[in-house]
Amino acid sequence: QVVVPEEVFFTVAAAGILENLLVLIAVVRNKNLHLPMYFFICSLAISDMLGSLYKTLENIFIILCKMGYLTRRGDFEKKLDDAMDSMFILSLLGSIFSLLAIAADRYITIFYALRYHNIMTLRRALVILAIIWTFCAGSSIAIALFSYEAATVIPFTILFPLMMVFILCLYVHMFLLARSHAKRIASLPTSTVHQRTNMKGAITLTIFLGVFLCCWAPFVLHILLARFCPHNPYCACYMSIFHVNGTLIMCNAIIDPMIFAFRSPELRSTFKKMFCC
């Protein structure tokens, strides 16, 4: 087993939770950030926090088992394990659907810029988020409770790659159409700046998607291998880096807020005001 030192593990987890908490506070405090796009970003930040919290609780659970305070097969431990599994699935599904909502928001911003505020209102964005988190919460509980049933495991293993392919196709479609669309928008006298801003937002969210895939895909692959080929020597070799894959999830929670702060001038300004009082 490739083991990550506990000090490093908890430091990375704490940093991810604090950074995403700062993003939430910044959006709440700055009324200029009360926009659908930033609410979707807050949804992604909450998903990142849940992922870091899940890995932290799981590591604490393993430490307590090693010390003899908990057993691995008791009723309380089984319920605790189901609760942590539910939190993990909630984090994964929340991240996927938040990225999908952000991608759809960027798509509307680029290709329906003149009607964006009529299409994506604040109330509509809140309704979308309520539907997303209600569905994710129900799915996470169902999958955690019936994870040993093939009818539940198979849809979960298929959902992750399908959603990623759908988001990737949406981005490819968006960038291909943007090239021809930019020529028509450029004819408007005040559209150049808006077009550059919209494309900058699309590039930012493409970075989000790439970081998400790099950080989450190894852990999802670990789950699939542990479920379908636990005794294969090649699968066992890959599963020996379980702690490294778990740490990558928490690294995603650290990287995303950095992308927010680096790519958004409004968020950078809000962070400066928060730290400088």
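Heads up, the Cβ atoms here are built off N, Cα and C, so glycines get one too.
Copied over from TrEMBL:
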type	residues	note
TRANSMEM	12-28	transmembrane segment
DOMAIN	19-260	domain 'G-protein coupled receptors family 1 profile'
TRANSMEM	35-54	transmembrane segment
TRANSMEM	88-114	transmembrane segment
TRANSMEM	126-148	transmembrane segment
TRANSMEM	154-178	transmembrane segment
TRANSMEM	199-221	transmembrane segment
TRANSMEM	241-262	transmembrane segment
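Contact check: the transmembrane segment (154-178) against the transmembrane segment (88-114) gives at least three Cβ pairs closer than 8 Å, residues 6 or more apart, which meets the contact criterion. Tertiary neighbourhood of the transmembrane segment (241-262): same-chain residues 1-4, 8-9, 12-13, 15-17, 19-20, 22-23, 41, 44-45, 48-49, 51-52, 55, 58-59, 204, 207-208, 211-212, 214-216, 218-219, 222, 268, 271, selected by CB-CB distance under 8 Å and a gap of 6+ residues from either end. Model confidence over the domain 'G-protein coupled receptors family 1 profile' (19-260) is summarised by a mean pLDDT of 80.
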